[in-house]
Ligand code: SF4
Ligand code: SF4
């Protein structure tokens, strides 16, 4: 059985976050997560509320769905979740995308390893800060980042930490200083991922973004880092599937 | 004489544009440009209005000024203009920054070559679209991108085109299709770089950003591209030196 549980396929749209921010991409969102972050903005992938959306699909079916949405207009696919790293069987999709010369981006929190990580072009490891309520398994993280480093370097690995408060900020710093050679992204947390008042949301997010920038600029221990917002929220607010 | 005309040194702040968007960086802005783009947002570097700001500085003086602003808190310096590629003598500053293990980003429109391009870690070539009123010298551009490609690839080169209207968009596409293997960034133009009404500015820029995203998403000829805003404008409006 080479199927995986898929929650939604959409695009083309832009990647709003992290190392490939702005990239034109299709999205495949898988179901299921081993975490339950307090502020998860895709909790429908694991909390039962999205259960009717889940389809068990094999690689060819996912490809057909990608093409039905994206036609001839894409060369990049982002796999997100939930935690796609739970799914050993994603290897079939990843191999198929490779055959089709599609570049692949993937984000995971860094709790699980899969051998197919080595075939991801742009791998974002996003360990979760204290405000999530989750505990980081640093043994797993060390192992994953060690294995990625040992590869021939054609693929890119980065770390991204979402920051809601000072405690998260200190956690982010600790992560960066533990893995100083890995490209590091700080991202503003979205405190209110339910509101539909886009103007208020943007103003709040910009205020938080400025707060985070100011902290990093004043901090001599964070030098070679990038500070980014969630760009798509500026355009589409909290809407899903865009 | 190893001096160069410097307009301003500031930071640390974030890079708001292009391939290193979000990067914590210091800025050195040089004076002088061989272009005079209609919408230039740093025309004070070449139109005479900023002439009192220009200081002739050598590499050690610039370094001292960087340290006086940034202290121990930076490892990245962005050189901008004007067109810094007019200045052969920038080689001294670039060599000094290299010695200090500082990463260097630089943006130029691609009208002139300098041998020190090969020592820039993140080089953005930003040819100007029709709305600028300038004419692109494609022979110069071919030569520059050819030389950068022939290097050992430790440094990164990207192309960035600012888009104000449909004609600019077609120009951007033509540039991307001419150099398909070079990472390509489309950026929204800021129509109103004088206003101090930040709220209105942000709303206008977001509308333009969405317009550009929608065009690219619907365009099968633009696949592996990134579409970005000028992030710093969202935070600081049209203020200079932040
Ligand atoms: S790891 Fe990601 S998908 Fe899983 S609960 Fe946390 S935020 Fe949500
Ligand atoms: S090339 Fe850049 S600095 Fe020179 S006029 Fe054009 S926008 Fe201004």
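We number each residue from 1, going along the chain as drawn.
Using the three backbone atoms N, Cα and C, a Cβ is placed for every residue, glycine included.
If you look up TrEMBL, you'll see B:14, B:15, B:16, B:29, B:80 marked as substrate binding site. In the shown protein chains, 22 other C-beta atoms lie within 10 A of the C-beta of residue B:29 (substrate binding site).
Feature annotation from TrEMBL assigns domain 'Radical SAM core' to B:20-238.
The C-beta environment of residue B:37 ([4Fe-4S] cluster binding site), restricted to residues of the same chain at least 6 apart in sequence and closer than 8 Å, consists of B:128, B:132, B:133, B:134. Annotation source TrEMBL lists [4Fe-4S] cluster binding site at B:33, B:37, B:40.
Taken from TrEMBL, the feature S-adenosyl-L-methionine binding site covers B:39, B:40, B:41, B:82, B:126, B:127, B:128. Cβ-based neighbour count (10 Å, all protein chains) for residue B:39 (S-adenosyl-L-methionine binding site) stands at 16.
Residues or ranges marked as Mg(2+) binding site by TrEMBL: B:42. For residue B:42 (Mg(2+) binding site), the same-chain residues lying six or more positions away in sequence with a CB closer than 8 A to its CB are B:29, B:80, B:81, B:82. The secondary structure of residue B:42 (Mg(2+) binding site), as reduced to three states from DSSP, is coil rather than helix or strand.
Taking every pair among B:39, B:40, B:41, B:82, B:126, B:127, B:128, the residues listed as contacting S-adenosyl-L-methionine, the largest Cα to Cα separation comes to 15 Å.
Residue B:40 ([4Fe-4S] cluster binding site) is 13 Å away from residue B:126 (S-adenosyl-L-methionine binding site) when you measure Cα to Cα.
Closest by Cα distance to residue B:40 ([4Fe-4S] cluster binding site), from the binding-site residues B:14, B:15, B:16, B:127, is B:127. Note on proximity: among B:33, B:39, B:41, B:127, the binding-site residues of the record, the Cα nearest residue B:15 (substrate binding site) is that of B:41. In this structure, the CA atom of residue B:14 (substrate binding site) is 24 Å away from the CA atom of residue B:33 ([4Fe-4S] cluster binding site).
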